[in-house]
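Here the structure comes first, spelled out in structure tokens, and everything after it is commentary.
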């Protein structure tokens, strides 16, 4: 038996840059007995609990592979239910941060979760292909029932507090009432023209507020009559029921609970309703559309509503007297105006203007009338607002904005420092420096659209290439831009340090490769006339097509240039004389790297292939179908022939350049992966992607056998091919 080659496994070492995922709601949680201070958000596969008073992470609830899509805190504030993209539901103990229950019943991502008032039942709804609602017993850890009836994805769920009734909303434009004792739907509300995007109960289940694609929030009155307390005949009871509401075909006329529409609340925001929630007491409803405005509606208590009614009648009486003095005084007023209406029970609070488009919100109402609103924004930010509900026209005040701990757009470039302790990342609006051991953000420098980054030798400065062709020199200690060099007329796609560390090479979309030398110049802006780092342009290599990537061989002899015509041309550095042309890719090469011994060059292309070439003759050693979409990042591990790749399929893979084997597929990104970087000592790998997560991987002491990894991957593919095999007890 031949010897098997063993490798050391790279394992996840942490996620950072993510503040809150866009596709998951946020929820106030209670830690250490404090309410309104901590908020739980989904952060890809993990859950982060932010301390909004200190602006830092209070707790991280670790997940596995699936992405968190919905969260819901239990009424006793001890547990947090989370729904995942693979259909599973987990319940965390907030005190120990451990999973205490796992429920598997959905075939697609969980979109909605809701606890009953006691916390003994949990309802979950899912997305495409599985429109059932499952009710779980959280005490016995089993499934109670599966409610089938909706034809579209479930958008929101809520339990009635006084009765065993579940209310569900769906994209099929229906709102259904389910009797959990008989496990059947006894009423379907059909008054919505488009998808129902949100629903909530207010004022001790007296009203149901629903929202759909238009600007109208429909308010429904819920009336419950106990048949045992009524000593009426069946005919009288049926007649009374029919007078309450026009029944739909699927309604149960004999059910004690009836529902009828009492009015509408018009939203001022644009677009469809995105999310709508109420506070725990059911007094305030908050909602928002597709614009950056949060709207709040306060449902008055019965005493407050009577005061508002009397005030309104007094105003109408004065107005009537002033406008019609000739009319007789004995005229009876309109009976409808004398009755309590929706305009008396609901008052609109001052809307909150947020800095960016909101994705979700949650409310908590304090005993003194202080309302706290937490909102998750689409630019990777969480904000906390406070507003006084007892003060008329009270303006909202922003208490905390958690924004500096992450980029506000997709990260497009990453690189390691030479001492392996710092990471720099660039996005569309800023460049950030991170401490690798603590994963904390050290510096943030506002900039343009970053496409490439690299640390200058000495790790005191960073070079950054922008989309408009400008090359930035950034001082890390000061957090300032020292110089803006107009290096290229179009995109600056690539920056590569020279092997002697005396300069760098840049490649841009203006069909040029430029060589630069580091130099110290006198800073004329400062009074001390101290010398600062600058770049001196030495030479320019002009080419026929736009340059997408540039690499210098570690021996300093060659420069490899990836062009838009899908070829890679290699030139001598000293004379710019043409040496080799690597052709074979069907689409342009987006990334490449040369091994430390300057014998291999690996190229990753938009045609999803990685090709390994010899630097001596330019022959293609192997062509590997590496990713399911474009290969966006590639880098060799120093002093080895191993290399890492990432692609638009979100995966990060390690390869052996000698045997052409895939070593391992690391847990990747949700969406595209845009770039990766390997530390100079080869111990760490960092990748960035469209999910705004910087994922760090660390080389461990665990041996990895290829045959075992391949067998495990085949088993996973077989499960995917044959479909879900999950089972739910008692269903």
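Any Cβ shown, glycine's included, is placed from N, Cα and C.
Just so you know, TrEMBL annotations are computer predictions that nobody has curated.
Here is what TrEMBL says about this protein:
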- 61-102: repeat 'WD' (REPEAT)
- 147-188: repeat 'WD' (REPEAT)
- 189-223: repeat 'WD' (REPEAT)
- 317-339: region 'Disordered' (REGION)
- 323-336: compositional bias 'Low complexity' (COMPBIAS)
- 404-444: repeat 'WD' (REPEAT)
- 485-519: repeat 'WD' (REPEAT)
- 582-623: repeat 'WD' (REPEAT)
- 624-665: repeat 'WD' (REPEAT)
- 666-698: repeat 'WD' (REPEAT)
- 706-731: region 'Disordered' (REGION)
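Across the repeat 'WD' (582-623), the DSSP tally of helix, strand and coil residues reads 0 helix, 23 strand, 19 coil.
Residues 21, 23-31, 35, 40-49, 108-119, 122, 124, 126, 130, 136, 138, 141, 667, 670, 724, 726 of the same chain, all 6+ positions outside the repeat 'WD' (61-102), place their C-beta atoms under 8 angstroms from a C-beta of that stretch.
Tertiary neighbourhood of the repeat 'WD' (582-623): same-chain residues 548-549, 551-555, 557-558, 560, 562-570, 629-636, 638-641, 643, 645, 647, 655, 657, 660, selected by CB-CB distance under 8 Å and a gap of 6+ residues from either end.
Comparison of 189-223, 404-444, 485-519 by number of C-beta pairs under 8 angstroms to the repeat 'WD' (666-698) places 404-444 first. DSSP assignment over the repeat 'WD' (61-102) gives 0 helix, 24 strand, 18 coil. Same-chain neighbours of the repeat 'WD' (189-223): 152, 155-156, 158, 160-163, 167, 169-177, 244, 248, 257-269, 272-278, 282-283, 285, 287, 289, 297, 299, 342, 345-346, counting only residues six or more beyond its ends whose CB sits under 8 Å from a CB of the stretch. Secondary structure by DSSP for the repeat 'WD' (189-223): 0 helix, 19 strand, 16 coil. In terms of DSSP secondary structure, the repeat 'WD' (624-665) contains 0 helix, 23 strand, 19 coil. Break the repeat 'WD' (404-444) down by DSSP state and the numbers are 0 helix, 20 strand, 21 coil. Residue counts for the repeat 'WD' (147-188) under DSSP, helix first, then strand, then coil, are 0 helix, 23 strand, 19 coil. Secondary structure of the repeat 'WD' (485-519), assigned with DSSP and counted as helix (H, G, I), strand (E, B) and coil, comes to 0 helix, 22 strand, 13 coil.
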